[in-house]
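One structure is given below, encoded as structure tokens.
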Amino acid sequence: MWFLVFSVCFLSNLNFSLGYGDDNLPVVITTWGSDGFEKATKKAVDATLLGGRMYGLVEGLSTCEALQCDTTVGYGGSPDENGETCLDALVFDAEGMRVGAVANLHRIRDAAKVAWGVMNYTKHTLLVGESATQFAKSIGFVEQELATNETKSWIESWKNGKCQPNFWKNVSPDPSSSCGPYKPNPSVYKYTSVNEAGYLVEKTNHDTIGMVVLDLEKKISAGTSSNGARFKIPGRVGDSPVPGAGAYANSFGGAAATGDGDVMMRFLPSFYTVSQMELGTKPGKATTKAIKRILAVYPKFSGAVVAMNSNGNFGVACANINKFGYNVAYRNGTVFTFKIACLSQQKTFSENLDKPIDFA
């Protein structure tokens with residue numbers, strides 16, 4: 001299926017509507033501007049017209065999983081230290097605040113659809129690990145290998161390169177120059193302030209598609225799908241499947257995040273962004289405030305938040321990424337791809353992090 005793609009480059013974050021009107025509904029915004037993400041955005045619009053916002057969301061996320069977008073979504077990407085690829089996904093319906101999610105899902109390729117199964121067939125919100133795999137099998141999904149020859153070669157090269165980079169600290173031997181197994185250092189419980197970020201986010205190491213859908217009735221869904229951080233410690237779960245971190249939605253708007261998930265989940269940036277929009281803040285300013293809150297503590301953090309309010313206005317903010325790309329699609333099939341400059345490292349930190357959060 002062909003579709004039009006327009007690429008637009010902006011120097012800084014702005015609020016956009018692109019001639020939005022009811023005739024253009026549904027509207028979909030997604031993170032990252034490469035080909036697979038564009039196709040997923042278009043698929044989400046088409047599927048929303050056929051089956052509503054949740055069907056559109058899940059079909060859009062599933063398209064990226066099948067296409068292995070940037071090798072950071074779906075099978076065949078981001079192996080852990082043992083060489084295994086595991087998947088995370090979250091689907092969020094603003095109507096009734098319904099949520100389904102899976103994390104550290106093994107040997108099942110359809111993470112977004114399994115998350116939708118958690119929403120539709122259980123009273124739970126999040127299932128994890130091997131138990132999530134058994135749930136998926138119980139509702140009809142089939143186990144498949146998630147690793148590929150490419151991911152196996154990545155692990156081999158990583159081990160030959162002394163397991164660099166990795167996510168260990170305060171252990172011996174020195175994780176910056178050797179592989180494990182590691183043992184904790186005796187002073188591990190002594191508090192030190194390091195303001196560190198986990199990894200640099202870029203096109204092939206960002207780990208998430210985030211998506212927000214506005215349907216024909218101006219109701220919102222949002223979600224994510226990810227194969228996590230490359231060479232992570234087995235069992236690691238980032239922000240993507242966590243409600244309020246990876247994605248969030250209510251009747252006022254929706255937001256989704258991408259980037260250094262270990263840092264982002266500490267700030268619930270999607271929830272914060274939507275809360276700002278609920279108070280009347282425009283999406284561009286809301287996302288910027290969410291990113292600045294993180295930079296105030298982790299100046300080297302890299303990531304982004306996309307958001308859309310119930311009026312169809314959208315905004316995006318990012319940090320320490322060279323020209324972050326994202327997509328917006330409308331009913332007529334046109335996909336607009338934007339690139340914006342990101343906020344860079346801030347030299348000043350919050351003077352009083354113990355103060356209550358100011359949501360105004």
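A Cβ is built for glycine as well, from the same backbone N, Cα and C atoms used for every other residue.
In TrEMBL, annotation is done automatically, which means it is predicted and not curated.
With a cut-off of 8 Å between CB atoms and residues at least 6 apart in sequence, the same chain places THR31, THR72, VAL73, THR224, SER225, SER226, ASP239, SER240, GLY246, ALA257, THR258, GLY259, GLY261 near THR208 (active site, nucleophile), listed in sequence order. Among the features that TrEMBL reports, active site, nucleophile is placed at THR208.
Summarising the annotation, TrEMBL assigns substrate binding site to ARG236, VAL237, GLY238, ASP239, THR258, GLY259, ASP260, GLY261. For THR258 (substrate binding site), the Cβ neighbour count at a 10 Å cut-off comes to 30, with all displayed protein chains included.
Taken from TrEMBL, the feature signal peptide applies to 1-19.
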Pairwise Cα distance maximum in Å, substrate-binding residues per record: ARG236, VAL237, GLY238, ASP239, THR258, GLY259, ASP260, GLY261: 16
Surrounding CB atoms that lie within 10 Å of the CB of ARG236 (substrate binding site), all protein chains: 18
